[in-house]
Ligand code: SAH
Ligand code: F3S
């Protein structure tokens, strides 16, 4: 899942339309991946039933919740700093309760209560439905912890309140957890086993979003390609129970088609794809429906087959190239992005050169690049020594970031002179005279407002660009939507 928040900045706060009759105030802040943002919406929905309205003023809150990320050490340090800030507020307002949600809650469990004295509540990613009970315990003066991971919980029955977003794009989670056990990654430990959500409830959520005027949805999971629902499809598709039982399972490609057909006017995206699980079927489904955006976030982590093996990624460099070739063959205009790690244990200069040459082959549209950060409890932490010095990790990171910028610029420059479809999402950050939106390939495009408005699908003639942004002018509405 691509990162939408810089780990150095304050997290995103979520504010929803106030519900009449609710008198308590919830301040909820999220760090990390899109799944956390989506989860915070679920938590806010659960708490709306308990009399809480959201506030974006920390000082006003009765309850402060922080949804946390453990993916790298730096992410955890950021949260610890925020907890210090909450502590300062709590000194003025001792009635305020503080809760930690998400991956750090799961990783540190009770330790949080011992180490961070200000924390009243610790809730893991699968225990959010228990928050009302846990709050009662807190009110009775006890510390409350629930970090039980579930094999079933998908929150499929909770419809998240989303009025805090832009009203145009939304995330819909389709799987939770991850079974891949990449050796560097803490997610399988903090988010538990992979489970897929009932396609019926996914479709209901998508239809509901369409009714509310949303124009784009992103199907979300740690590894969307391994989505599998054994329930035999949708009840309404079958004449009777025995026919239903005989039906085959719904895989990711089937689900994509179901969603694309249910809402042909909406843009459909998904994230994240794992190269080892991505099938050709998915590519054909993307080609078949023009409302599915031609964009794939396809993290590779390293270009060296030896390192990939150490990482427990289930493919070689050559297999990855073969997949990229397939993507280019079936979807010639597909945007592709990466996640990359530099300085994984034992990574040599030669391995690093393999990463650079892999990037040269693929020429990603953009990417998210990180220095390896050892996470306690992971296989890499237990079996391998974090032996690449910080300076070398940094230098390699700079090299791949520079190369990525060159490739990003290559793509934006190639688009100059073309007309692309843009869904307007918001005002440009740099100018209140311009709209900002994204192309199907997920590149940001900016253009003068004229008479258009957020939520419009517009054709934009691109006449200039920066490394990562397309600049142009609208030439009319797109009739694809
Ligand atoms: N499959 C998930 C991956 C989540 S983590 C998804 O939906 O994208 C996001 C990215 O963080 C990973 O792809 C990886 O590049 C990076 N990452 C994970 N663990 C890391 C670690 N220990 N150190 C540095 N980067 C890490
Ligand atoms: Fe992590 Fe690998 Fe799963 S990066 S989230 S273990 S696919």
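Backbone N, Cα and C atoms are what each Cβ position is placed from, and that goes for glycine too.
Taken from TrEMBL, the feature [4Fe-4S] cluster 1 binding site applies to 33, 69, 103. All protein chains shown were included, and the count of other CB atoms within 10 Å of the CB of residue 103 ([4Fe-4S] cluster 1 binding site) stands at 28.
A simple way to gauge crowding: the CB of residue 185 ([4Fe-4S] cluster 2 binding site) has 22 other CB atoms within 10 angstroms, across all the protein chains here. TrEMBL lists 178, 182, 185 with the feature [4Fe-4S] cluster 2 binding site.
Under the heading domain 'MTTase N-terminal', TrEMBL lists 24-140.
Annotation comment: TrEMBL describes 164-410 as domain 'Radical SAM core'. Taken as a whole, the domain 'Radical SAM core' (164-410) shows an average pLDDT of 94 in this prediction.
TrEMBL lists 413-476 with the feature domain 'TRAM'.
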Contacting binding-site residues, sequence order - 33, 69, 178, 182, 185 vs ligand 2, Cβ under 6 Å: 178, 182, 185
Across every protein chain in view, the count of C-beta atoms other than its own within 10 A of the C-beta of residue 69 ([4Fe-4S] cluster 1 binding site) is 26
Candidates 69, 103, 185 (binding-site residues) with CB under 6 Å from ligand 1, in sequence order, are 185
What other residues of this chain sit with their CB within 8 A of the center of the CB atoms of 178, 182, 185, the recorded [4Fe-4S] cluster 2 site? 180, 181, 184, 186, 187, 188, 222
Setting 33, 69, 103 aside, what same-chain residues sit with their Cβ within 8 Å of the center of the Cβ atoms that define the [4Fe-4S] cluster 1 site, listed in sequence order? 31, 32, 35, 36, 68, 70, 71, 75, 102, 104, 187, 190
Counts by DSSP class (helix H/G/I, strand E/B, coil) across the domain 'MTTase N-terminal' (24-140): 61 helix, 25 strand, 31 coil
Whose Cβ, among the binding-site residues 33, 178, 182, has more other Cβ atoms within 10 Å than any of the rest? 33
Considering only the binding-site residues 178, 182, 185, which residue has the minimal Cα-Cα separation from residue 69 ([4Fe-4S] cluster 1 binding site)? 185
